[in-house]
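*Asks:* Mind looking over this structure? Questions follow.
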There are 2 protein chains.
Amino acid sequence: MDLKQLDAFAKEIIIEAGKRICASFSYDLEVEVETKSSPNDLVTNIDRETEMFFIEQIYQFDPTHKILGEEGMGEHPDSMDGVVWIIDPIDGTMNFVKQHRHFMITIGIYIDGVGKLGYIYDVMREDMFYAIAGEGAWYNDSPLRKLQPLTIEEAVIGINASWVTPNRKINHEKLIDLIHTVRGTRSYGSAAMEIAFVVSGKLDAYISMRLAPWDIGGGIIIAKEVGAIATNLNGQAPDLSGSDTFLIANPYIHQLILEHYIEEK
Amino acid sequence: MDLKQLDAFAKEIIIEAGKRICASFSYDLEVEVETKSSPNDLVTNIDRETEMFFIEQIYQFDPTHKILGEEGMGEHPDSMDGVVWIIDPIDGTMNFVKQHRHFMITIGIYIDGVGKLGYIYDVMREDMFYAIAGEGAWYNDSPLRKLQPLTIEEAVIGINASWVTPNRKINHEKLIDLIHTVRGTRSYGSAAMEIAFVVSGKLDAYISMRLAPWDIGGGIIIAKEVGAIATNLNGQAPDLSGSDTFLIANPYIHQLILEHYIEEK
């Protein structure tokens, strides 16, 4: 498998998909939305069309490649053998519908279960965060640096406000300690955007109680190249076969957050 | 006073200031920061230089104009008589230093205490949200529409996670009810950015326990033109002579939030 060739192809179709999404906007656009499972989880036609575009392009490129996508338009692969693309055509669907910004295309390409190429593409900014396993990570044309040492008090972390309120999944009192310790918190409504911010040092950690493989499949490959540590909240590698908890952080604070501030119920 | 001429001048110096800020970035830039009152409140040289740029340009344009700026580089006006510029040269200083994005230049121009021209400029995106009192509001070249009806369950609101944890300023239990009622929450670390998002329908409300006049002086003028309602948490016009609490919201949910979810201590 020629990774450079695969990388060039992946970037080409991501950028093309981004252009198609942009073209679908207009000032008075009212995206037709349908509710999937909750109002928090909007799916749009553009989301599905974008996934179909990826599937067609990838099968044309190599029909042996397998595709695991959020919208489930392709056949779900029964194993990670061979080349598997894990695709979220639009991460941050509500931002997409309501804000026309802050949504990402994110893709991870795995060969026999090993992450090889990772992409997070900010469609409206035309900003690409990406990595080639073992060769490094980039933000557009600039190499991303290894994450630098910092203390927990200097950290800015991505976390949704609901996790610091009483809930069934996690001890919110400990998370309250965390947000009172760090310098600041942010919440953007797109897991891939928050992961992209961590790998580029714009955030120092991001915590979520429940992410799907397509939310993180690209990001965790980039993470590795910059030294960010990505695990579930038990400290294990995130489970790519189903939904899981998630913590990605600067390596100098990952263990501290896990040990001192995370207690699952 | 020719508002159109003043508007053209204000836009010109805002865009020029934005260019100067961008020019100061480079990949390896390490902005020299000094701590003002807390690590949350970083001040940079560029912040002060930008305010000085505005002061020089405005005095050259008309030496009778008065300037109230965050950095306090100009003389503090002793009244709102005449033409007063309320300026925040960089709102979202931590974003500026750490993220190199998500910071705003925001300016409000008041004549005899009445808001006439308001600007929020996303420097890195080169996006201008602005208004001319009585004539409307714009996002770059597109008019901003009046905010449309929506229910509280459909709303996405900007709020910092710390306000839904026990604190001395506000009943956090009621805010927990609020965040469990709405569709989602966001937090961007720049008051002006969150206000810009509310006036353009990208968020439906934004709540803060403490903002200064320069954080909101431009935004509340834009708010009026799109029908957004901006008050302090007592429902009164925000106090531009000092720090105050703040709620800006879509007019269809402002009163509801104030009555059902806000209880100051």
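From the backbone N, Cα and C atoms, a Cβ is placed for every residue, glycine too.
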*Asks:* Which single residue out of A:ASP215, A:ASP239, A:ASP244 does TrEMBL record at the Mg(2+) 1 site shared with A:GLU70, A:ASP88, A:ASP91?
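*Replies:* Given A:GLU70, A:ASP88, A:ASP91 bind Mg(2+) 1 in TrEMBL, the matching entry from A:ASP215, A:ASP239, A:ASP244 is A:ASP215.
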*Asks:* Between A:ILE90 (Mg(2+) 2 binding site) and A:GLU70 (Mg(2+) 1 binding site), what C-alpha distance do you get in Å?
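*Replies:* The Cα atom of A:ILE90 (Mg(2+) 2 binding site) is 9 Å away from the Cα atom of A:GLU70 (Mg(2+) 1 binding site).
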*Asks:* Hey, what's the Cβ neighbour count for A:GLU70 (Mg(2+) 1 binding site) at 10 Å?
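*Replies:* Other Cβ atoms found within 10 Å: 21.
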*Asks:* Near A:ASP215 (Mg(2+) 1 binding site), which residues of its own chain have a C-beta under 8 A away, given they sit six or more steps off in sequence?
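*Replies:* For A:ASP215 (Mg(2+) 1 binding site), the qualifying residues are A:ASP88, A:ASP91, A:THR106, A:ALA191, A:ALA192, A:SER208, A:PHE246.
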